[in-house]
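According to TrEMBL, the domain 'Major facilitator superfamily (MFS) profile' annotation covers 34-478. The transmembrane segment annotation in TrEMBL covers 32-56, 76-96, 108-129, 135-152, 164-186, 192-213, 313-333, 345-364, 376-398, 419-443, 455-475.
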Amino acid sequence: MFSKNDFYTFLYGQKVGNSKAPLFLSIRSSNAFIISTISMAVFTDIFLYSLVVPVLPFALTGRAGVKEEDVQRWTSIFLSVYGAALAVGSPIFGWFADRSSSRRVPLLLGLLALGGATAMLCAGSSLPVLIIGRAFQGLSAAVVWTVGLALLSDSIEREKLGAAMGYMAAATSIGSLAGPLLGGVVYANAGYYAVFSMGFAIIGLDIFLRLMMVEKSVAQQWSPPAENSAPSMSSSGQGLPGDEIQAIPATAEPKESEKPAVKPLPKWTQNMPPLITLLRVPRVLVAMFGCFVESTSLASFDSVLPLYVKDTFHWTSSGAGLIFVSLVIPALFSPIFGSISDKFGSRFITTIGLLGAVPFWVLLRFVTHDSIGQKVLLAALLVCIGFCVSLVFAPLMADIDHAVALEEKKRPGSMGKRGAAAQGFGLFNIAYALGTLIGPLWAGFVVQNGGWGTMGWSLGLLNGVCAITAFAWTGGRIMLKGKERSEGGIV
């Protein structure tokens with residue numbers, strides 16, 4: 001029989017009383033299922049964010065009464081509202097998740113916010129309702145990225161974390177491509193409400209996966225005591241099977257000569273949230289800078305590429321949308337690039353990605369007129385830029401986790417009982433959100449005042465500067481000895 005305790009176990013994802021182990025526990029708590037669930041969460045968030053892009057002009061003019069000449073301005077405001085909510089919500093939800101007894105509960109709360117946002121955008125007929133709905137989408141994204149990536153940090157062995165982050169990058173790219181394409185097609189053929197019906201169906205699948213997922217720390221409660229006698233430790237301090245950092249028995253004390261020299265934290269930071277401490281770590285700041293640069297690079301195309309191909313190649317909106325496929329396809333290789341960084345370190349793969357993008361950005365200036373060769377050249381350059389971006393994102397996401405783990409090891413207890421993985425990824429979110437805000441403004445302003453070619457070399461220069469900082473600090477400061485640099489994390 002399915003007892004009351006079993007019901008609460010399923011609902012809250014925690015063992016209650018003498019409840020039986022959930023069905024298919026080994027599958028539901030496996031790395032593959034957890035990665036699939038978080039990937040689906042990321043895909044759902046990005047898909048629903050981009051799904052409404054084709055229907056926003058109709059919603060603004062036909063439902064909210066916005067004049068045609070004001071549509072562009074309000075569309076930009078909607079983009080800014082999402083980015084602002086993402087930036088503000090990320091550190092807040094990261095702090096909350098690192099103090100919550102379960103990552104699963106914040107994830108479900110984020111899904112409720114996403115469902116509410118989708119309902120408001122579907123039924124909204126005034127600007128305030130639509131803007132609030134867009135803000136809730138940003139808050140939902142903050143939960144998914146901070147809590148979801150922290151859950152991966154808790155669950156996945158550190159030497160495999162880069163590959164796991166690669167799946168997140170791939171899910172992001174697929175969602176950003178599928179959303180506008182399906183949204184436009186469904187709206188054209190079935191109408192406004194059919195678009196949101198598709199969104200609610202995907203939310204339903206997401207709900208199912210999040211309810212089925214069981215955290216590894218919860219799954220261990222049904223394991224025989226012998227299996228829990230010497231658990232390994234994740235970056236957040238939880239016992240996880242298969243991680244590479246083994247728990248030290250209580251009777252074993254490291255020799256004084258083996259303890260790394262640690263500079264104590266300033267007194268004014270000792271009682272501050274771990275977020276403040278992480279902002280003082282150069283490795284974290286450089287990873288944030290890299291995320292900002294790549295986010296800026298991708299977002300810059302949103303504001304200038306459709307208009308440029310329209311003016312240069314005389315393409316319709318369909319062609320302008322399909323050209324983005326050239327940027328998205330390389331992201332499917334992100335898990336492979338993440339695995340490479342797991343094996344060989346994140347320093348050189350991120351440096352290659354950032355430095356390698358420079359010539360392709362500069363070469364965009366040679367796309368100047370309408371011909372088959374010019375169209376092929378543009379697509380090829382976009383594919384190359386997409387590959388370079390994919391080389392950077394997943395390794396940097398993993399490197400943030402490694403930097404947090406190193407700080408936890410150097411200063412035990414300074415990051416709280418559960419560590420600060422979610423707050424670390426909250427900083428990643430802030431950098432990403434700032435990039436989505438600045439990228440379109442950067443590209444649009446430069447193209448308007450300096451031309452398409454100037455936009456290309458200016459963003460190439462930004463990538464080149466970031467390559468220098470990535471080489472110096474990613475994986476630990478390059479000037480340190482190898483042992484000091486890799487202590488507590490993978491270089």
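Keep in mind that glycine also has a Cβ here, set from the backbone N, Cα and C atoms.
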Self-check item: Top partner of the transmembrane segment (192-213) among 32-56, 76-96, 164-186, 345-364, 455-475 - counted as Cβ pairs under 8 Å
Solution: 32-56
Quiz prompt | Paired segments the transmembrane segment (108-129) and the transmembrane segment (313-333) in contact, 3+ CB pairs under 8 A | solution = no
Practice problem: Using a Cβ distance cut-off of under 8 Å, indicate which of 164-186, 313-333, 345-364, 419-443 has the most pairs with the transmembrane segment (76-96). | Solution: 419-443
Quiz prompt | Stretch among 32-56, 135-152, 313-333, 345-364, 419-443 sharing the most Cβ pairs under 8 Å with the transmembrane segment (376-398) | solution = 345-364
Exercise. Compute the average pLDDT of the predicted model within the domain 'Major facilitator superfamily (MFS) profile' (34-478).
Key: 80
